[in-house]
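Q: I am attaching a structure below and will ask some questions about it afterwards.
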Amino acid sequence: MSSQLKSTWAPVPSTKPSQPCKIGTDFKGERIVYPANKAIIIREIEKQENCFQYNEHTAPTTVARFSPSGYYVASGDNQGNVRIWDCAGEDKILKNQVTAISGRITDLDWDGDSQRIIAVGEGKERYGHAFTADSGNSVGEIFGHSSVVNAVSLRKSRPFRAATASDDNSINFFHGTPYRFNRSLRVHSKFVYDVRYSPNDERFASAGADGKVYVFDGKTGDQVYEIDAHKGSIFSISWSPDSSQFVTSSAGYSCKIWDANTGSLIREWLSSDKKQLVGTVWPTKDLIIVVNSKGNLTYLNPSDCKVIDTIYGHQRSITAATLSPDATHFYTASYDGTVLSWDIGKQKAFPLVGESHTNQVMQMIMADDHVITIGMDDTLRVIDIKQGCFAKDNVFPTGYQPIGVCSVEDCLILVTVSDIQVLRSLTGVSTAKTIYQPSAVASHPLKSEFCVGGEDCCVYIHTLEKGELCEVAQCKDSTAPITCLAYSPDGKYLACGDASGKVVLYDANSREVITSRWAFHTGRILGMSWNAKSTHLATASLDTNIHIYSVERPMKYIAMKNAHSLGATQVEWVSENELLSTGSDAAIKVWSVTF
């Protein structure tokens, strides 16, 4: 038995309200690189499904840039660490790690030789550091600012120059190498969010919260012209590959393209979803990529500012997932209430129209042509999968915090922290208070039976008779609070996962223990799924691993180590040899399984 990772459906860039998002591109314009939670994502532009997830940072990542040679990536995080690693080979070997500053890295850039790096941010002793990529030795001093530095850009050709942008409303200009302070350019009246050299190094431009763009000579730092560009803050600026134009993105939902020689406006694109545009990159002459505050990537054609494509994904931990009956679509929901529908064949996400949950989605299940969701906003909601939207009038207040939901006959069983509710057409039929605190629920596929797991380490078996609940049995073989339950598709087995990482397998009819030796996880079981033949059980755990257990050979299992760096949350079988998994890293992974 073995498994292999086939593909990764990547998370979108991590963003913060009213803060710029840094996105890098390689010199060929074929790939982009960006931070996502504690990972760095390298993604092909043409084939978005082709991506790599770098998981070696121990703190949330903030920025990543390709070296001009294209062989290395430098990435920074919240703890001030910069990691330089090989992005060309399969092993992604670490070249060096440097603690540049004592706080959050906001931006970094390479010189033209791919030998020196300047990293800036929110330090305590200093706001920036210039060092060599291979040894970490200092190659100058980055000083002169009195507040956090938001951006840095280096001139790639000689004579080397560098410019930094700060919250102290100034741009500092440096001569190199070694990099020494030359002068401070105090032209902005508010925070300066971005500064970028043109690809031909003749000029650099700055943008800030005052809505203005200033363009300077690349060698001397002398101001060339000023543009009153946007009404709101400008978060990002990026040059076209031929240096003839540049693009700005703003808090006013607009993206504007400017003539670099005259400073005149060429064209403008206004976002229809009314989200702040916090990042932009111009990788090729025919493509601009814009990032909004939700992390969604919009591909624009610079010639007419028409949308070519929009890439959706999750930013936060994926907490719930379910598969459509025909296994063509995968529905996922995250900690921030984002719900997406993934086309499995295209490996592409689409947003659902309508009002979603306002915070964490606890569980999703299929019920006929609908997806039922419950969230920590104490509501149950219904998604019409044919229309691709939330049903406007189908919102049911749960009363208490919901724990789980399942379908029995024509009813929904809603389990909260205090009771078990029976719903028919989103109308309460009956309610039963519990003397224990429920923690999980699952329904039998062939009978009017369901089970509820409790924090008291017990599983309670219920039947539904004419809308009334009837407890028929208890299973008390777990030694930790129950976290996950799953009946096999043929109805023969009941798997019970707990907070210690152990899975107990029961005979669903006799309630006798078949095996209690599936105890190879070291963390809480968060998700379980049976294959269609009811021969193998896949489990997802907080310990970052995914295991596949065999009913016929209980001690034989497949271990997918470090499947999701921050914890695996859900698993679903697409076919007998293909598995989908979700994680707290906001990624979805496709696995090939061989028995």
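Cβ coordinates are placed from backbone N, Cα and C, and glycine is handled just like the others.
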Q: Of the ranges 1-21, 43-63, 106-126, which one does Swiss-Prot list as region 'Disordered'?
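A: When 1-21, 43-63, 106-126 are checked in Swiss-Prot, region 'Disordered' belongs to 1-21.
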Q: Can you tell me the mean pLDDT for the repeat 'WD 10' (520-559)?
A: 98
Q: What same-chain residues lie close to the repeat 'WD 4' (187-226): Cβ under 8 Å, and 6 or more beyond its ends?
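A: Non-local partners: 20, 150-157, 159, 161, 163-167, 169-171, 173, 232-243, 246, 248, 250, 258, 260, 263.
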Q: Determine which residues of the chain contact the repeat 'WD 11' (564-594) at the Cβ level, with the cut-off under 8 Å and only residues 6 or more beyond its ends counted.
A: 1-12, 36-39, 53, 55, 313-323, 327, 330, 332, 334, 342, 344, 347, 523, 526-533, 538-546, 548, 558
Q: Quickly jot the same-chain residues contacting the repeat 'WD 9' (477-516) by Cβ under 8 Å, restricted to those at least six beyond its ends, or write none.
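A: The answer is 439-447, 451-459, 461, 522-530, 532-534, 537, 539, 541, 543, 549, 551, 554.
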